[in-house]
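Here the structure is laid out as structure tokens; the discussion comes afterwards.
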């Protein structure tokens, strides 16, 4: 079986594992004909500004019972989702047309200005029915394009038109309940027990499997509207033509909102109802390019490993095969890494900072692996909004134990078993990365608060995040630190000389090599990075977590190999200062990711307008890049540390 077949088979196993059962909170909801269906509204979003706003910040119709927030998880609040009830109400399998919703108050100067601004900034209205976002289809050059949500309005020849009539299409699938008879019996006598049926379950039920919307701009007759109440039938037929607009927004005039709904039976089964959202444009390119990238990197990593193992093995074997006399002679003519035996484990500069970075890196890397693994198994599907962020936060807090343990144990190893200062190291490890994250988020939050965006984290959530940090993360990191202080420190296989050896002059600056090393790990993930960026900034749904998990595993392998090769090269030219270089050899991939994100801002997010939006983008990118640097740098350092320890433990040098 070839490489390609193995990859494809692995993918199938990963993806199919998510379909064998219903996920928590995503059970099918059965509706009987005539049952009420309520549409919910989410924040207004735009890829032009990246700042979400509340649906009711614009003069839309409000529900009779008043605006109520739907229960949200922490992840949704952090993502800027604000889900509220809406006045749009349907009855299952009851087609209705010309339904009058409301007539707004006369458009004030402020509302007029705001509506024009939101239309210019390409804001989309996001509706949700039975946990499915409204989808809109448009035809462009013979291709059908899918969009979630619909635009607030449109500008034609300097006149602003509002979409005030919505044509809904709800796709439904007949509920298929398999009746299971319980068979009981002994020997030949078999008694078939009747199935226990619930009252009303014999009525044909339906499930919502699709939710489509067509927005229209329609002018209504003011005389007909004045006498109507909400949900009454508008007297004249409404012609909904998505290609024509006729409802200009005028200051001092009210806006009339209407809608119609049609139900259509569909072959789509309930577990497949999210497929329409997940079929991204260019998906074939996505699969093939990732596959190609995986093959190239695996091949490259293989070559690096083979060359590397052969070089080290040859050095060791050559040394071990010589008799004692030749060894004495060879010791006098020693060259390369054997010369730095007395300095290779000399404590690096700023050892505490290195321990803190490695501890935090282990925490971030562990969180990434566990989260992506759960997402690949289908536990964090796009259907359950906010679970990905909530999951990441939960795993990050729990893995504080690992951060404290690794940071303190490394601190004791560098200090040759000294206990002093372990509490300080564990405390700093608990505060370093979250502290920087809080600083970045607070600055960005002030920008969002100033813009009245729903993307701003509410003050109560800020307090909750601080409590999670200081009441869960910090204590767990200190507990991990305590175990690290109790654990036996790693003993060096060779003694360190008192006087440090002089490092000979190098042909090339070693930092040049270190910075260049980041290109190889970057090559592993840059294609995947494009899709991740598109999902964050372009509002597309990211769903190929199975591939992402494999890319992550490959990234770990490549970071480890790059760092090992560089550490070996430095030791061969008698440069024994490998500690920080091994960290930055693989951590330098973060520089390329940041450069890529600037490139993405200039060439892909051309529409991003205003300094606030650009600052938000760069702030979040910086936060992401810092996390990547800590995680990849940790992989590089730990693999190099293991390698140096193994190398000098394998050869006896007196």
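Glycine is treated like the rest: Cβ placed from N, Cα and C.
TrEMBL lists 1-20 with the feature signal peptide. What TrEMBL lists as transmembrane segment is 287-309, 352-376, 388-408, 429-450, 456-485, 511-537, 543-566, 578-602, 622-648.
Using a cut-off of 8 Å between Cβ atoms, the transmembrane segment (622-648) and the transmembrane segment (429-450) share at least three residue pairs, counting only pairs 6 or more apart in sequence. Remote same-chain partners of the transmembrane segment (352-376), defined as residues 6 or more beyond its termini with a Cβ less than 8 Å from a stretch Cβ, comprise 14, 18, 388, 391-392, 395-396, 399-400, 402-408, 410-411, 414, 421, 424-426, 428-429, 432-433, 477, 545-546, 548-549, 552, 556, 579-580, 583, 627, 630-635, 637-638.
Long-range contacts of the transmembrane segment (578-602) within the same chain, counting only residues at least 6 positions beyond its ends with a Cβ under 8 Å from a Cβ of the stretch, are 344, 348-349, 354, 357-358, 510-511, 513-519, 521-522, 525-526, 529-530, 533, 537, 559-560, 562-563, 566-567, 570-571, 608, 614, 617-618, 621-622, 624-626, 628-630, 632-637, 639-641, 644. If one looks beyond the transmembrane segment (456-485) by at least 6 residues along the same chain, the residues whose Cβ comes under 8 Å of a Cβ in the stretch are 74, 77-78, 80, 359, 393, 396-398, 400-409, 411-412, 419, 422-423, 425-427, 429-431, 434, 438, 441, 445, 448-449. Distant neighbours of the transmembrane segment (543-566): 7, 10-11, 14-15, 278, 286, 290, 293-294, 297-298, 300-301, 304-305, 308, 365, 368-369, 372-373, 375-376, 380-382, 513-514, 517-518, 520-521, 524-525, 528, 531-532, 581-582, 585-586, 589, 632, 635-637, 639-640, 643; these residues of the same chain sit at least 6 beyond its ends, with a Cβ under 8 Å from one of its Cβ atoms.
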